[in-house]
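> These came from Swiss-Prot, pasted as-is:
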| type | residues | note |
| --- | --- | --- |
| DISULFID | C54-C139 | disulfide bond |
| DISULFID | C188-C274 | disulfide bond |
| DOMAIN | 32-159 | domain 'Ig-like V-type 1' |
| DOMAIN | 167-294 | domain 'Ig-like V-type 2' |
| CARBOHYD | N41 | N-linked glycosylation site |
| CARBOHYD | N121 | N-linked glycosylation site |
| CARBOHYD | N246 | N-linked glycosylation site |
| CARBOHYD | N304 | N-linked glycosylation site |
| SIGNAL | 1-22 | signal peptide |
| TOPO_DOM | 23-339 | topological domain 'Extracellular' |
| TOPO_DOM | 361-437 | topological domain 'Cytoplasmic' |
| TRANSMEM | 340-360 | transmembrane segment |
Amino acid sequence: MEQLAKLLLWQLLLQQSSVVYLYSVPADASNPDSVVVSVLNISATRGSQAVLPCKSYRMVWTQDRLNDRQRVVHWDVYSTYYGDNKMERLCDMYSAGNQRVYSSYNQGRILMPQNAFTDGNFSLVIKDVAESDAGVYSCNLHHHYCHLYETVKIQLDITKKAKAAKEYWDGEKAVIVALEGSTVMLPCVNRNHIWTERHSEEEQQVVHWDRQPPGVPHDRADRLIDLYASGERRSYGPLFIRQKMNITDTAFALGDFSLRISELENADEGTYSCHLHHHYCGLHERRIYQVFVTEPVREKKVVNLTTHNTAPAIDPNVVRGHNVINVIIPESRIHFFQQLGYVLATLLLFVVLLIIVVFITRKRRQRGYEYNVKKYGEKDVNLKEFTVDTTDLTQYKSEDIRLDYKNNILKEKAEQARSFPAKNIDLDKDFRKEYCK
């Protein structure tokens, strides 16, 4: 009975786990060392289409029709023996072809192992070394398909003494001191699987898209799509998610693995990640995208819909509403500032006109005051009322004023001043003359 109960319990647990992971496929954690190369924030309006860019030309897959001529090794030497100080290509070899020696002098003197791309040993053998062979040699490995380039440098010195022959490391490169006339081997060994064996590349290239809802950690992200270079595609989740999130069929041909999300909704917010795995080339990259959904901006318009005059006759048995529909939407800020500018300009013009009117009024009032003063002097002042009393002058005339003068001229002038002849002065006549002028 206990064993039967345990079996039933295990069956229930298995059923629960299958139900839980039916719509939530966890992300692949087999490559925790994926390098995060970019983090982007993407905002899109609700109802639109969002494109999460994920491109890598190192992931472009092309069928190798040249028997894998994309791997090559070549040896170069930098020599100062002839004083020209130049780099010279010695030999090269493709993974599917024979090695090629560039100089006729080196034919039969230098060579690499024929099984170099199988064994991973790319060492260069030089027979009957001479002083002209001294220099800095470089072993260059190129993988054009994976965009990998590796270089190993070795310095070769020639000596005529057997005791001086040795090998050591100078901190940057290996140094070999070889006896003149002997055979020397410059080591270059790389047994990485990229250089030694050929994999089925389309089975080792895969792209994953994962999604993390807000608050969900990376290790519990949901898998959306798996896409292999062979053309196999796996989509996860409900049908509506598989229909709205997709990658183009030419992804591996163009290196464009961008995810397109159609008809965005608020539930589509979260963290998306694009995982690029090229196991053959050792490429493991991850790109992260923070997706935010915003509300669309509505255009503000004023729409007036009116019916035409040629409407059919109104049926009295049918209750109808109004024929005019007015839809008023708040105006934009630009229109508000335009109206405000018109109002301010009108007020400014009114103030200028008011200032001009006040100035003219004050001028007219000043002219009126001057006119009243002249008129008042003409009407109210009667010069006849003023009389000149000359009785007092006779007193000064009769008086005998004796003054001491320095000469006769001053005395005569003083006597003339004391004599005031009687004269009648008509003041009214003189004032009238002045006024008429």
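These residue numbers are counts, starting from 1, taken along the chain as shown.
Every residue gets a Cβ built from N, Cα and C, even glycine.
For each listed feature, how buried is it and what is near it?
The Cβ of C139 (disulfide bond) lies under 8 Å from the Cβ of V73, W75, F122, L124, T151, V152, K153, I154, L186, C188, each of which sits 6+ residues away along the same chain.
Taken residue by residue with DSSP, C274 (disulfide bond) is part of a strand.
For the domain 'Ig-like V-type 1' (32-159), DSSP puts the residue distribution at 13 helix, 62 strand, 53 coil.
Summed and averaged per residue, pLDDT over the domain 'Ig-like V-type 2' (167-294) gives 84.
Sequence-distant neighbours of N41 (N-linked glycosylation site) (same chain, 6+ residues apart, CB-CB distance under 8 A): Y289, Q290, F292.
Long-range C-beta contacts of N121 (N-linked glycosylation site), restricted to its own chain and to partners at least six residues apart, with a cutoff below 8 Å, comprise P113, N115, C188, V189.
According to its DSSP assignment, N246 (N-linked glycosylation site) is in a strand. Cβ neighbours within 10 Å of N246 (N-linked glycosylation site), excluding its own Cβ and spanning all shown chains: 16.
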> Using the alpha carbons only, what distance in Å do you get between N246 (N-linked glycosylation site) and C274 (disulfide bond) once rounded?
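Cα-Cα, rounded: 12 Å.
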> Have a look around C274 (disulfide bond) and count the other CB atoms within 10 A of its CB, chains all included.
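C274 (disulfide bond): 25 neighbouring Cβ atoms within 10 Å.
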